[in-house]
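I have placed the structure first, in the form of structure tokens, so that the comments after it can refer back to it.
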Amino acid sequence: MSCGLRIPLTEMVEFGKKLKGKQIQEWQGYYINYKLMKKKVKQYANEIEAGALDSQHVLKDFSRMLDNQIEKIVLFLLEQQGLLASRIAQLNEQPEYLQEQPDISKISELRESYREVGRELLKLLFFVDINAIGLRKILKKFDKRFGYRFTDYYVKTRANHPYSQLQQVFKHVGLGAVVGAISRNLVVLQDRQGSYLSIYDQPALPLQDPVVDSIRSAVNRLNHSTNFLNFLGQHALIMQEELPTSEEHVDDERYHFMSLLLNLANTFLYMVNTYIVVPTADDYSMSLGAAATICGIVIGAMAVAQIFSSVYFSAWSNKSYFKPLIFSSIILFVGNVMYALAYDLNSISILLIGRLCCGFGSARAVNRRYISDCVPLKIRMQASAGFVSASALGMACGPALAGLLQTNFKLYKITFNQVTLPGWVMALAWLVYLMWLWISFREPARESEVNHVQQESSGVENDKLENGLAQPLILTSNENEQDDEGDQEFDGSEEAPEESHLPANSLGSAYRLLTPSVKVQLLIYFMLKYAMEILLSESSVITTYYFGWTTSTVSIFLACLGLTVLPVNIVVGSYISNMFEDRKILLASEIAVLLGILFSFHIIIPYSVPQYVVSGLVMFVSAEVLEGVNLSLLSRVMSSRLSRGTYNGGLLSTEAGTLARVIADGTITLAGYLGQEKLLNTTLLPSLVICIGSIVATCCTFNDLY
């Protein structure tokens, strides 16, 4: 085999459009023949239109062609694995001699030989990754062209067969043994005060070797099994690069750990700020002479403002991260002060303006964008998981903190009690955060516009293997043209138009990039946010009316709900997602939310605490499972053009969720005019209708998979 391959990062980014130039020349005949298969798909389409072929013949012929292509790849892969294994076996004979007669120069030479094998293995991993991408793209193209769920059929029948060759491509069977052999021997040869250590005796022992680090990164890219970190990180809708890279390039000018920590702190504090008022919003409204159900407007005012703030903060983050975070902190400080002073001013208007100001300070778009643009790829998933965890922790801490603020005193005619203290505490928190931000945040260096456009124009379209859409039998000419542009990226046959890779420039253009599947997933996201907001926002009013709960009791209940977020995601991400397909979990979760809503209705029997708590817990936990799986799936199937720019996928999901919260809080206030005795059933009815609608949409969109 040839010497180690060195592929510059800039060239790897060009991978899609110049695939042939990236292929290892001596392995040229063993790559998937994507160009031939693409032409074959077009030929099938023409012959079906002319009536010369039937669908059964097409499926049989295309399956045979794919089997042959995969077999060619796999046999070559096994051959190369054997060559690597032979080289390692030859090298393994030398350590026995070196243990008897240690020689530093010989040990160093042997270590370099193992590293050389590691670099050869890295080439093989890139070979597998390139072919896996090609296979996923041609399957996606076939599905889009013919509207048949061929991907689902092909992967299920081939991947689970005892003689599966597809597993060699997608699960890199056998390569793990080679990785382990190289890693073990490099550890053995490390100079650690004369002792020879084993990775099996000390599994936690770190191996500081760049070749092994690169191999591990490449293996992780090939590993498509779900794990908790990836599952959690995908909730942030921060899309990961699909292309493999032979070396990790970390731009120290852009990444700054303290700045990342400040972004996560902003996320945490904002979520605390959102939910800290929930247990006391009804009491605050009544103390100002309004009805208890006005709490819906008080809580929802923040979400109303967030609909607009998400857009301008997302646009602002194109130019700066520091300035929008400063603005966010200042306006949140002002908003909380106004919220707290409304009690002594006896003004419901000041109260609502204060909450609106808090919503205008929502910088979640900046937090998400900073992780996407400024965090190195190798830790981006950890940062994304941190973003989701900070949000979940803030959601739990908000109500819990409100439950602790049970005091009442005056200081210079300013009242400090359970309804005003949330405002004062958050104002102080944002003031401290503002000073920390001013001192510690470092504005990352901006990439030039030229590099930015190049990066966007050369990215490969995200894998949509699990899109599951039922398209027309033959696409229209416009759709075919769009599809061919994506193929040009992979086979390098022509220069793809730059416009097809630029980010969306408006909400309208972003919406037009959404496939029917993605639209259904956004509807699901809207539904679960609506149901959760109804449950949380009216909890204080409902529990006071039916059970006479105090603010502390409501706070404990809400905090306990919030604390279920991370454990639920651990269970789903680590276990359930590995046992069942995402879409089956999706449908099951929607049905569980529906059952939680149905069980929450007060119909004939007296409404009891167990009924409320159990139904609320079922609804909330099911919605959390649904949100996790839905966003995890959404991050994989959303267009790559929505991964950057102002109108990105994260903004669309934020707008859908925020709009749901606004409508839910408005529903609570409007239902309040019917009386508190009818509030529960009246607000649950829209949740029930939307939930049923989302289940029907899911079944219609993914009916071939169930």
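Every residue, even glycine, has its Cβ placed from backbone N, Cα and C.
Heads up, TrEMBL stuff is auto-annotated, nobody curated it.
Some features that TrEMBL has for this protein:
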type: COMPBIAS; residues: 480-497; note: compositional bias 'Acidic residues'
type: DOMAIN; residues: 13-156; note: domain 'SPX'
type: REGION; residues: 480-502; note: region 'Disordered'
type: TRANSMEM; residues: 260-278; note: transmembrane segment
type: TRANSMEM; residues: 290-313; note: transmembrane segment
type: TRANSMEM; residues: 325-342; note: transmembrane segment
type: TRANSMEM; residues: 348-366; note: transmembrane segment
type: TRANSMEM; residues: 387-409; note: transmembrane segment
type: TRANSMEM; residues: 421-439; note: transmembrane segment
type: TRANSMEM; residues: 522-548; note: transmembrane segment
type: TRANSMEM; residues: 554-573; note: transmembrane segment
type: TRANSMEM; residues: 585-605; note: transmembrane segment
type: TRANSMEM; residues: 611-634; note: transmembrane segment
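Outside the transmembrane segment (585-605), and at least 6 residues removed from its termini, the chain residues within Cβ reach (under 8 Å) are 524, 527-528, 531, 535, 546, 572, 576-577, 611-612, 614-620, 622-623, 625-626, 629-630, 633, 680-681, 684, 687-688, 691-692, 694-695, 698-699, 702, 706. Only sequence-distant pairs (6 or more apart) were considered; of these, at least three Cβ pairs between the transmembrane segment (290-313) and the transmembrane segment (348-366) are under 8 A, so the stretches are in contact. 387-409 is the stretch from 325-342, 348-366, 387-409, 554-573 with the greatest number of Cβ pairs below 8 Å to the transmembrane segment (260-278). Here the transmembrane segment (325-342) has Cβ contacts under 8 Å with residues 262-263, 266, 269-270, 273, 277, 284, 288, 313, 348, 350-351, 353-363, 366, 414, 420-424, 426-427, 430-431, 433-434, 437-438, 441 of the same chain, all six or more residues outside its ends. For the transmembrane segment (387-409), the neighbouring stretch richest in Cβ pairs under 8 Å, chosen from 421-439, 522-548, 554-573, 611-634, is 554-573. Scored on C-beta pairs under 8 angstroms, the neighbour of the transmembrane segment (554-573) with the top count among 421-439, 522-548, 611-634 is 611-634. Restricting the average to the domain 'SPX' (13-156) gives a pLDDT of 75.
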